Ligand SMILES: *Cc1c(COP(=O)(O)O)cnc(C)c1O
């Protein structure tokens, strides 16, 4: 197939896309309309935990599609109960609300915190979030995000999201007042360029929240579901959050997200939260299949091993080319470039022939790596070799 046979102008232009139409995916590989294959280290932005069209997901989808797709959220269904049981067993949380996107799960977290504030803290509603944080693209989650420029883009914002600095406890403390109901952050800021919170900061936030009687919310839409080498990233900081949101990897590629809370915080009354598709059996059945794959003995250990391999490889490239090092947790990592040629490297990687390589540059001087969690040792070695050559070629 030729790219020119497609009329791409029927779609709203919400991002600038290359002249490619992907038609097939398998594991760490994608194939475009011309049959060219690409090694994929983006994976739908850290979404496809098990790679493209993982057999266990296809099986779950096919079986569930033939059984029951949507009885409505007004009734119980088996896969949503099974997935909620798995998530609560694996975490410190007691209750789950399923959503369709990370933004929607975060909207739910914001609503839940505000409701809790109305019941327990004299109507306190402000949620302290972080500069450069990312929580989604609805109006409230854009307001909660700290992306430069987002405060004016669709003004007026939703009120009540004062911004602190990640890893600066004093900046959080200074913002707490009688109207504050919660602190919310990503354990590793993803869109900001893979910036991990420190252990001292996360533990300090928990302590601050306890001292002031406010809630501690972690947005694990990107870091959750094994991405950082443990099922949830908060587990690596030895903290117990009150609310957590999940998205991206939880569905492995199908639209699924979740809001989790501890019992004392689960204060929604009937009618206050909902959504047509929430907890539908088609997507939660896939969620069960993804969860069971991540929970298999040895799976998370292999994520950690691949994370170490990627980290060491990136460090070696950084040293060789005089770059600024690498950072991240597990298989969410970034290489810090010494100049703004990230987008040029991404372009050159995609255009390689006969096989392309898909990378992401969230900033000019940064490359981000989000491979499938079951990426092989050989695929990581191959990516690192290609990247080495690409850096030389782009800089020549
Ligand atoms: C991607 C992301 C979101 C938004 O998820 P959507 O499914 O795109 O709405 C929210 N928070 C974090 C940390 C994310 O990485």
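Backbone N, Cα and C atoms are what each Cβ position is placed from, and that goes for glycine too.
Keep in mind that TrEMBL annotations are predicted by a computer and have not been checked by a curator.
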Further binder of pyridoxal 5'-phosphate named by TrEMBL next to 102, 103, 219, 220, 221, 222, 276, taken from the candidates 41, 134, 154, 161: 134
Cβ under 6 Å from ligand 1: qualifying binding-site residues of 219, 220, 276: 219
Listed recorded positions (137, 248), ranked by Cβ neighbours within 10 Å, top entry: 248
Integer Å distance between the CA atoms belonging to residue 248 (N6-(pyridoxal phosphate)lysine) and residue 222 (pyridoxal 5'-phosphate binding site): 6
Lowest local Cβ density (other Cβ within 10 Å) among binding-site residues: 103, 221: 103
Residue 137 (N(2)-acetyl-L-ornithine binding site) as reference: those binding-site residues from 102, 103, 276 with C-alpha within 10 Å of it: 102, 103
Nearest of the binding-site residues (103, 220, 221, 276) to residue 248 (N6-(pyridoxal phosphate)lysine) - Cα to Cα: 221
